[in-house]
Amino acid sequence: MEGLTTRGGGEGLRHLFMTMFLTSFGGVIVIPAMTDVTLAALCPDQDQCSLAIYLTGFQQAMTGMGSVVMTPLIGNLSDRYGRKALLTLPLLLSVIPHVILAYSRDTNFFYAYYVVKTLAAMAGEGSFNCLALAYVADNVPEGKRGSTFGVLSGVGSASFVGGTLAARFLSTALTFQVAAVFSMIALVYMRIFLKESVPGAGGGAMTKPLLKEGQEPCLQQCEGDSSNITTGTFKKLPSVGDLISMLKCSTTFSQAAVVLFLNSLVDGGLMASLLYYLKARFQFNKNQFADLMMITGIGATLTQIFFMPILVPAVGEAKLISMGLLVSCISMFVYSISWAGWVPYALAGCSIFGVFVRPSICSIASKEVGTTEQGMVQGCLSGISSLANIISPLIFSPLTALFLSDEAPFSFPGFTLMCLGLALMAAFFQSLMIQVVPPIAVCKTSSNHCTETMV
């Protein structure tokens, strides 16, 4: 980690990584058990349940709807009041749902969990990752930011491995108790050890801000010497217009945002369909789900922590995005025609390429804005992902329920996964258009038009 401490944030990053591990561990450990718990509460003694698929999709859509509003807002507030203060909200909200299912998983308690989890996720889902990325951007220079984003994601993947491994050997009741304890420890640890990060304190920003106080028609006005440009902070809450302005004034940011949207659309579709597909197709249970997740997590951890810091300087973020999307697209098509129970295990190793995508996009976007806008831009990216998570279950949950039922128009249980593969193909072709060149936005106030010049 010595290479990541240029601005003196090494200790803070270590505490951030520990907080990431603890809270992600608490969230991941319950995932393998949730499919069985949901089916047991809603459709006892059944391997396929349309109600469970629809409720999962509805929760995912509502979560995305809340996140579209909350993540840009929380990211923007963190630019003004600091990252640590705002991190408290998502960590606190993550504790309550685990406590409910730790007490009981009967039908009534499941519905109580469902309501509380939905409301908590609407308020806090995505906010932690948004703030963690902004914290990293505050403390790491641009040249090493992509690698550090990869390490941060790798820590999350390591917790993914630890959580699924623990779930493999713990009973369902104990799983939720452990999740509640780890979520509480994460909150307390963060409040005690993590140092506050002040946006822009590191100085020496290489990129000028896209947004500036008092500029409505344009994002930024550049006149003459760039040293005359001052970095402003938001005096107002973020709006859709702010996001549209960023998309207009940075071609690179807009292209990366499209790729992120499509990739998030696929991620949301997998959340809504994959486990139910495996349950119906091969009768997978909690232990087999945990095995698959552990294989995926180990590959992701090794890739993000050890390989990504080497590959980012060597080939660049844009090529890593394209590589990850291409391999993910091919594996998704194979997933859709899985002919035996061992095929998902074989394909789980392809996740080592898919994990390149999101950290690389976050790194590209981070370099497009100034130091006082890191929270805002990461919040906007989270908002874009959340928008995809609203749309995705509305499309793929009914599609999954239809093609896993006896009323399917033709026999193709993996049809939903094939559609997700097509979305990844579109994302791949869009990623080929990304050109990572540091932009300086130039506003022509007379025509209210923004253009880009390259440095």
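Just so it is clear, glycine is given a Cβ too, placed from its N, Cα and C backbone atoms.
A TrEMBL annotation is a machine prediction, not a hand-curated record.
As given in TrEMBL:
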type: DOMAIN; residues: 12-438; note: domain 'Major facilitator superfamily (MFS) profile'
type: TRANSMEM; residues: 12-31; note: transmembrane segment
type: TRANSMEM; residues: 51-74; note: transmembrane segment
type: TRANSMEM; residues: 86-104; note: transmembrane segment
type: TRANSMEM; residues: 110-137; note: transmembrane segment
type: TRANSMEM; residues: 149-170; note: transmembrane segment
type: TRANSMEM; residues: 176-194; note: transmembrane segment
type: TRANSMEM; residues: 256-277; note: transmembrane segment
type: TRANSMEM; residues: 289-308; note: transmembrane segment
type: TRANSMEM; residues: 320-339; note: transmembrane segment
type: TRANSMEM; residues: 386-404; note: transmembrane segment
type: TRANSMEM; residues: 410-429; note: transmembrane segment
### Task
Among 149-170, 176-194, 320-339, point out the range having the most Cβ pairs under 8 angstroms from the transmembrane segment (289-308).
149-170
### Message
Are the transmembrane segment (256-277) and the transmembrane segment (110-137) close enough to be called in contact, which here means at least 3 C-beta pairs under 8 A that are separated by 6 or more residues?
### Response
no
#### Entry: Long-range Cβ neighbours of the transmembrane segment (176-194) (under 8 Å; 6 or more residues past either end)
12, 15-16, 18-19, 22-23, 25-27, 29-30, 33, 84, 87-88, 91-92, 94-95, 98-99, 101-102, 105, 166, 170
## Note on the structure
Rounded mean pLDDT within the domain 'Major facilitator superfamily (MFS) profile' (12-438) lands at 78
### Message
Need a quick answer: max count of Cβ pairs under 8 Å to the transmembrane segment (12-31), which of 51-74, 149-170, 320-339, 386-404 is it?
### Response
149-170
### Query
For the transmembrane segment (320-339), which partner among 51-74, 86-104, 149-170, 386-404, 410-429 gives the most CB pairs under 8 Å?
410-429
### Task
For the transmembrane segment (51-74) and the transmembrane segment (386-404), decide whether they are in contact, meaning at least 3 CB pairs lie under 8 A, counting pairs 6 or more apart in sequence.
yes
